[in-house]
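Before any comments, here is the structure.
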Amino acid sequence: MAVEEKNSPTGAAMTNTGILVPSSQQSLPEWWTKTQKFFSRENTITPTFGYFRLLFGTQPGKTDIALIVIGTIAGIGAGIPFPLLGILFGELVDDLNSSTCSTTQAPPGGYQAAITTKVLQVIYVSILNFVCMYIHTGCWSMVGERLVRRLRTKYFHSLLRQEIAFTDTLPSGDVTSRLVSDIEVIQAGTSEKVGLFIGTISYFVAAYIVAFLKVATIAAMLMSVVPIYFLMAFGGGHYIKKYSGRISTHINAATSIVSSSLSHMSIVHAFNANARLEALFAQHLVSARMDALKKAITHSIQFGMLYFVAYASNALAFWQGSRMIADLAEGKPSKVSVGAVYTVIFVLLDASFVLSQMAPFMHIFASAASAGDRLMTTIKRQSAIDGTSSEGDSTISLASEEIELQDVTFNYPARPEVPVLQGVSFKIPPNKHTAIVGTSGSGKSTVVALLERLYDPITGCVRVGNRDLKEINVRHLRGSIGLVQQEPNLLDRSILENIAHGLVSSSQEKHKHLLPTLLGPSLSELTEKIRQGASEDEAVTEQGDVVREIVNLTRHAATLSNAIDFINALPDGLATRVGSSGAELSGGQKQRIALARALIRDPPVLLLDEATAALDSTSERLIQAALNKVSENVTTVSIAHRLATAKDADNIIVMQKGRVMEQGTHMDLVARDGVYAGMVRLQNIGKFSSSSSIMTESTQVDANIDRSLTTDTLLNKEEKLSLEQGVLDEKEKPAQLYMPEEADSLPTEPENEKEKPKQTLWATMKGSFPLIRPNILLISLGLITSIMIGVSYTGEAVIFGHTVGSLSVCRGGPSIRSSGMLFGLLFFILAIVKFAAVIVNGAAFGWAAEKTLYRTRVLSLRSLLRQPLEWHNADGRTPGLLVALVTSDASALSSLTGTTIGVLFSTVANLFAGVILSHVIAWRIAVVLLATLPVLLASGVLRLRVMAQYQKKHQKAYAKATAITVESVDNIKSIAAFSLEQEAYSVFNRSLKAPYKSNMKSVLHGNFWLSLAYSISTLVYALAYWWGSQQILAGMYTQVQFFIVLPALLFSTQSCGQMFALVPDISKARIAASNIVDLLSIKHEGDEEYDKTGSKASAKHTDPRFNMLEDKPRDVEAQLITTTPPSFPTKGMGVQFRNVHFRYPSRPNQPALDDLSINISPGQFCALVGPSGSGKSTTFALLEKFYNPASGSIIIDGVDITKQSGAAFRDTIALVPQENVMFEGTVAFNIGLGARPDVEATQEEIEEACRLANIHDTIAALPDGYNTVCSQDGKQFSGGQRQRLSIARALVRKPRLLLLDESTSALDVESEKHVQDALAKVARKTTIVAIAHRLNTIHRADRIFMIEGGRCVDQGTHAELVERCESYRANVIHQSLDA
């Protein structure tokens, strides 16, 4: 049952369908509802309607309506005063003409009084303009802030509602791109710039109204060009949207590479894969560059045409006006005065100028509409399986119902051509244990997904009792099932919250009253207090009885899952944060937490997909015994590769290639001597000399387990020892093994890094210059054309002043006509010159920006991939935040070589040219007006400071919300399985509250200075006319001089006002540049080559950070380069650990290795076994030099790697991690990543490695074969298939040392046998070290090291350890199918 959100941050309520509806929606007027429906139509495709659909198609509430209406009215009001100024100025021109042409000496006092009156009127207009501008910029800024918050929440909620098939086909990096890039574009296009644009349109319309009232003939002529403006705007918007879509596709693919690389830095380092990943990343960026250039050229043509039409139309107005004034001078009948013509030309010239300044805004609005459409596509999508819906039967109980699959066929949407299930039919009896076994990729996990209704069958059906699964409410169904997945996924919350997630949708009536607390902030606040030092009991008491009940249930579930002791051993206990996807916990710990999450809801149906695969055999046996007790009256479905965990099932279903081969009990299937019996023979661990002894031992162990289940703990003696020493469960520790979890684990980074001095502006500029330097010619061309554009305004002022002077009736008609023709022609020539300059400017800066963006992104990724793991796991350095460095920050920095810097330089050129010309023409007027410039600049600088502080303060705030969204999509199966949509949504909304409130305060503060910067120019108008008229009346200057100086300076001040609209972009670029310079300034080993004396050995490369940057990177996927491989050594490595002590930096009081000493001879196959947390995986971390030991030596081939700089020794080491990682790219690319850094794997070598890993046939059967694209993490492949791909990636390296961390845990017995045979082939030239809990995989090892408590307690062959090592023998017994 969905729960209503009483106080949603968006002012919305969640209906029983899970759809957000504004709380005020029902009271909205009918016209508004119809407007929303109109602009929500999917067939409304023009950019204009797309923009209105963005504003009105997201269910705005009353507040939003009020803000839009008030902001629009204020924007219209802000545009009206300026045409009124034109009327006043026209009357003033008539007065000045009358005084200069009069044959009698008129007293100056009359003219001075009229001027003073008009100046006061200008001041009143200025104040009105400031008020209107502040209102509309404030309102529209709030509209934009509220809109993007609604879009964030709606987009996130829509993602949560979608069926898993949708997220399976979602491009990797798409969510990050939508919530970072698209949201930023939308906010830029729906904030204060909208009010400014409305004001400009209002100005434009009002100007034409005034023009028609004054001189209708000229106004009508100029009115004909208005449709051209709209044609250019919409035509350009269409192409800009087209190219933006293409760019977005390429950038999303590139972002996926960044995201997956930064999320799996251990693999990147282990295989030195950074160069190959960088090349693939660059390849996607190059694909985007041509479309970006086309977009820039389209924009510059659109912008240039606006200038051309504006200036050409003014040329027409000058010419036609001169003819009318000439008629008046010749005494012909005419109602036109010089002032009236001046008013028309002045207001239309200024209106055209200001409208042309809005061209960049139109580009921003078009981009915002395009981004909004991309988001709305997902927001409006109807989910095929909606886990938040109230539809379906919510009364059926699964406790006593039979579950049946009837002739089910199924294909995954990501690979529709590959059949997964083919006519599968079987029954799952109630309250019985059904086990499903079979080869990897046979469809076992798919069956679980169908039972959870994460997918629907293509044909056939799944039934519960006599009801089709589709008839049952999805939330109710999933609430009745406890699921433990093959790869357990946890959310970035505390252990307490993760286990309590199992209660959120529990079908048990006794848990219903807990739901409001589970969805609220109580548990988060509780764990935060505990982490801050409060005792658990005190914090729980403060939160109340419901929270205490949840904590007690959590502890009980943790006890059942054998997790309570390791939780208690953690410093923060249940309050310990698990990190992104549980990265702060080991695999075994995550699996136990996931098991507790399933058991806490006391479900009638339990689905276990390899639920104990990551555990050592003793822990597995303990948990299995516990499961047997709690599942006595539970329908249990388990998937297992370890047949020892399935042999006691009431029914075993054997699957192969998507079909059911046979089913029955263990004894029946063994007797049948079919597929299952063959699997049993493959998995049994050898024969023992004394079977009776083994049976006796087995009986004793079972008795010990039964006794342990009656006590408070389920841990065995070895695990207690490990936990008392604080050793992490790092057998399956990708987080600790390959990534440390705390910020204080930074040996390469000083503790006071957070207090390091802020980059000065000069340091930032100096550090950014190497990024810009290669494009200096393009930038120079852009700067030259920017100066031309800026100076053209001064040229316009010169033409304008002479034109106004030539229209005086004191001159004869022929002279007026010839002057009008001349200056009209000059204006037309100016239009052509400016058109060409704008196009060249846009193309030059656009190309320079794209090349700088490419260079910055590639170098940023290069630097990130070269950082040590400790750096990546420092406080606040999540993959999501680091992705922003490569995407958002690089994009912001590139704007400094694009349109932003172009506008800035043209404005500065305009300012200097206007000031210089004014001083040359009429310095007395200019020097007074120039005194106002510092006031204008000061208002802009103050706003710059406000926006810079705002940007820096909240840079991480919304990144947290983005990280929550990305994490939720990455773990969408867990969220769907446990119906955590509402919980995730609540956490997401809470993360938005703080930045939203602070943003609103910044809006009110920052827009004050923006409004002042815009409005102050009208005060300059007032001062200019007052002082200029005094100078004319005093005979110091002529009208021509005045009307040159006036527009020259006023255009300059107006340009400054426009420049301050770019302050947010400049502020972002400043912060982004500082971030990127900081990143690129980090030194790496190998940046400089030194000889033995410490001096530089070579001065050839002045700064290696900027070397080897290919402008046209090779196609790393399509071209498998055949190279002559170097002569690799033909024998394995020798490895020695001598008295090694090690503690993880984040837990300095807890030893991980305690005087470990082992010796592995070259070419040996050795194994590390022992209980979870004994230090096995830590040895791999030290062998890969992810860490350095506190003391002792690690010697590889006679070289102590702890005393050597660099990590070149990794070139001949290959790692198969427990959690198998795939990157965005083809299968061939993923396998080729394993090749040594100086060699590209050929297709033949890749196929050979795949054959050895028993995955070649599977790949070859795919429609695209080795060119099949892997999504991020390879989710279209099964767990076993991914594991075999990882093995192939390791084998293609031809390693001398092969490290296998549970490398066959997800494999069926047949695949496991193939892999074991392959390893036997390569073992002749390779040293193999394996960590394993499945002892049948290592019982033939040359030497087995028994690791307990961080030290080696015994070593020998399998037979030797069975005879003399009690703990090893116990493990053998637990895994024996004969026991």
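Every residue number used here counts from 1 along the chain in the order it is shown.
Cβ coordinates are placed from backbone N, Cα and C, and glycine is handled just like the others.
Per Swiss-Prot, the features are as follows:
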type	residues	note
BINDING	438-445, 1170-1177	ATP binding site
DOMAIN	69-367	domain 'ABC transmembrane type-1 1'
DOMAIN	403-682	domain 'ABC transporter 1'
DOMAIN	781-1068	domain 'ABC transmembrane type-1 2'
DOMAIN	1135-1374	domain 'ABC transporter 2'
CARBOHYD	Asn97	N-linked glycosylation site
CARBOHYD	Asn552	N-linked glycosylation site
CARBOHYD	Asn633	N-linked glycosylation site
CARBOHYD	Asn989	N-linked glycosylation site
REGION	738-758	region 'Disordered'
TRANSMEM	65-85	transmembrane segment
TRANSMEM	119-139	transmembrane segment
TRANSMEM	193-213	transmembrane segment
TRANSMEM	215-235	transmembrane segment
TRANSMEM	301-321	transmembrane segment
TRANSMEM	336-356	transmembrane segment
TRANSMEM	781-801	transmembrane segment
TRANSMEM	820-840	transmembrane segment
TRANSMEM	901-921	transmembrane segment
TRANSMEM	922-942	transmembrane segment
TRANSMEM	1008-1028	transmembrane segment
TRANSMEM	1032-1052	transmembrane segment
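Positions of Swiss-Prot features highlighted on the structure.
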| residue | record | DSSP class |
| --- | --- | --- |
| Gly438 | ATP binding site | strand |
| Lys444 | ATP binding site | helix |
| Asn552 | N-linked glycosylation site | helix |
| Asn633 | N-linked glycosylation site | coil |
| Asn989 | N-linked glycosylation site | helix |
| Gly1170 | ATP binding site | coil |
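Calculated from their C-alpha atoms, the gap between Asn633 (N-linked glycosylation site) and Gly438 (ATP binding site) amounts to 26 Å.
A contact between the transmembrane segment (820-840) and the transmembrane segment (119-139) is absent, since fewer than 3 of their C-beta pairs, 6 or more residues apart, lie under 8 Å. Looking at which of 69-367, 781-1068, 1135-1374 has the most CB pairs under 8 Å to the domain 'ABC transporter 1' (403-682), the answer is the stretch 1135-1374. When each of the listed stretches 193-213, 215-235, 301-321 is scored by C-beta pairs under 8 angstroms to the transmembrane segment (65-85), 193-213 comes out highest. Beyond its flanks by at least six residues, the transmembrane segment (119-139) meets 67-68, 70-72, 74-75, 77-78, 81-82, 84-85, 88, 192, 195-196, 198-199, 1003-1004, 1007-1008, 1010-1012, 1014-1016, 1018-1019, 1021-1023, 1025-1026 of its own chain at Cβ-Cβ distances under 8 Å. Here the Cα atom of Ser1174 (ATP binding site) is found 29 Å from that of Asn552 (N-linked glycosylation site). If you measure from the Cα atom of Asn989 (N-linked glycosylation site) to that of Lys1176 (ATP binding site), you get 41 Å. Among the binding-site residues Ser440, Ser442, Ser1172, Lys1176, the residue whose Cα lies closest in space to that of Asn552 (N-linked glycosylation site) is Ser1172. Remark: of the recorded positions Ser440, Ser442, Asn633, Asn989, Ser1174, the most isolated position is Asn633 (fewest other Cβ atoms within 10 Å of its Cβ). When the recorded positions Asn552, Ser1172 are compared by the number of other CB atoms within 10 angstroms of each CB, Asn552 has the fewest. Other C-beta atoms found within 10 angstroms of the C-beta of Lys444 (ATP binding site) number 28, with every protein chain shown included. Around the Cβ of Lys1176 (ATP binding site), the number of neighbouring Cβ atoms within 10 Å comes to 31. The Cβ neighbour count for Gly1170 (ATP binding site), using a 10 Å radius over every protein chain in view, is 28. Lys1176 (ATP binding site) carries a helical DSSP state (H, G or I).
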